[in-house]
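A short write-up of the structure that comes next.
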Amino acid sequence: MSERSHQQTGRTAAHDSAFLRACRREPVPHTPVWFMRQAGRSLPEYRKVREGVPMLESCMRPDLVTEITLQPVRRHGVDAAIFFSDIVVPLKAIGVDLDIKPGVGPVVAEPVRTRADLERLRPLDPSDVPYVTEAVGMLTAELGATPLIGFAGAPFTLASYLIEGGPSRTYENTKAMMYGDPQLWADLVDRLADITAAFLRVQIEAGASAVQLFDSWAGALAPADYRRYVMPASTKVFQAVAGYGVPRIHFGVGTGELLGLMGEAGADVVGVDWRVPLDEAARRVGPGKALQGNLDPAVLFAPREAVEAKAREVLDAARGLEGHVFNLGHGVMPSMDPDALTRLVAYVHEQTAR
Ligand code: 1CP
């Protein structure tokens with residue numbers, strides 16, 4: 001099949017899915033559910049296919065990407081698949097020397113700290129990521145009516161890995177550049193916005209039905225700094241993909257004070273972590289946007305009755321929303337019992353069946 005027909009087949013089949021309807025704030029047959037990081041180490045079938053294959057290599061093999069993306073859909077019956085990749089894949093694809101270290105995360109060999117470092121970040125061309133186009137095409141054919149969510153890292157979160165050289169808790173080098181050399185910072189996040197937008201475009205062109213922009217660590221910023229130093233670049237990303245008409249989701253952790261701005265940046269759906277109840281989040285975001293969230297992932301370690309009671313609280317807080325996509329407030333953890341996740345999907349479906 002040609003790329004264009006994959007794109008049309010995938011999106012046409014998925015158009016009336018509960019997930020896409022909720023993103024568009026239309027009536028749904030049940031509240032749709034998916035989990036951030038639903039593919040991954042909590043699943044024995046994932047650990048099996050990943051045996052001996054480094055993380056980044058697995059992202060570049062369409063057969064593995066397809067299998068791993070489908071695993072949680074088969075097992076849990078979630079309402080959407082999320083493309084198996086990582087936020088640093090487009091950076092690797094333009095030649096940044098980085099690796100994903102087991103138990104650590106992305107590690108960058110030569111952190112970006114100067115204008116000369118920035119100049120090495122070239123634009124992303126679709127031909128840099130042929131394996132993404134191929135895997136999305138395979139997936140939309142396999143998924144049928146189940147939508148595929150494409151994703152990318154937002155400029156701030158990507159910049160934090162590039163500047164720190166790896167995961168950080170304090171973002172000290174990142175903030176040193178942001179406050180100390182605002183022009184270099186602005187040029188860096190603007191360049192990352194173009195790379196991110198290009199990576200999302202590849203996934204949408206190949207057939208993804210929705211996209212999520214992960215600004216996982218934006219919660220480290222005060223609202224005024226978010227607005228000044230980050231929002232213009234994230235807005236640029238959302239504008240670059242607005243024309244496709246696919247729902248755009250915007251998520252970060254600890255972003256209670258930023259929810260309004262994250263919506264304003266151009267999201268159709270605002271992702272909420274577990275710290276702000278959804279009814280309060282809706283007041284902060286304002287009308288015209290759906291919400292996604294927001295069960296505390298750690299709740300999944302409690303007994304079934306407790307999980308269901310906490311999920312019930314989320315559903316109660318979501319009752320008046322225009323559109324609600326049920327999710328965790330952050331990603332699935334590797335030590336979680338996958339059966340608890342399967343039961344949670346069934347519980348939400350059953351409680352919200354209309
Ligand atoms: O070998 C392994 O299994 C490594 C663990 C792993 C996995 C499964 C990493 C390393 N990345 C991934 C896949 C991944 N990354 C997905 C898969 C799709 C799915 O959800 O099922 C997604 C959406 C991501 C996105 C991602 N990578 C984010 C944003 C989401 C979030 O959790 O906030 C971030 C911050 C990263 C960086 C990253 N990659 C890997 C790790 C352990 C980290 C976080 C490191 C840190 O704490 O800073």
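Each residue, glycine too, has its Cβ placed from N, Cα and C.
All chains included, 23 other C-beta atoms sit within 10 angstroms of the C-beta of H330 (substrate binding site). Look at H330 (substrate binding site): DSSP puts it in coil. The substrate binding site annotation in TrEMBL covers R37, Q38, A39, G40, R41, D86, Y161, S216, H330.
Residues or ranges marked as domain 'Uroporphyrinogen decarboxylase (URO-D)' in TrEMBL: 32-41 (among others). Confidence across the domain 'Uroporphyrinogen decarboxylase (URO-D)' (32-41), taken as the mean pLDDT and rounded to a whole number, stands at 96.
Residues or ranges marked as domain 'Uroporphyrinogen decarboxylase (URO-D)' in TrEMBL: 149-165 (among others). Secondary structure of the domain 'Uroporphyrinogen decarboxylase (URO-D)' (149-165) per DSSP, as helix, strand and coil residue counts: 10 helix, 5 strand, 2 coil.
DSSP assigns D86 (site 'Transition state stabilizer') to coil in the three-state reduction, outside any helix or strand. Feature annotation from TrEMBL assigns site 'Transition state stabilizer' to D86.
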For the domain 'Uroporphyrinogen decarboxylase (URO-D)' (32-41), the number of residues DSSP places in helix, strand and coil: 0 helix, 1 strand, 9 coil
Distance from D86 (site 'Transition state stabilizer') back to Y161 (substrate binding site), taken between C-alpha atoms, in Å: 13
Among the substrate-binding set R37, Q38, A39, G40, R41, D86, Y161, S216, H330, as the record gives it, the longest Cα-Cα distance in Å: 23
Cα distance (Å, whole number) from D86 (site 'Transition state stabilizer') to A39 (substrate binding site): 12
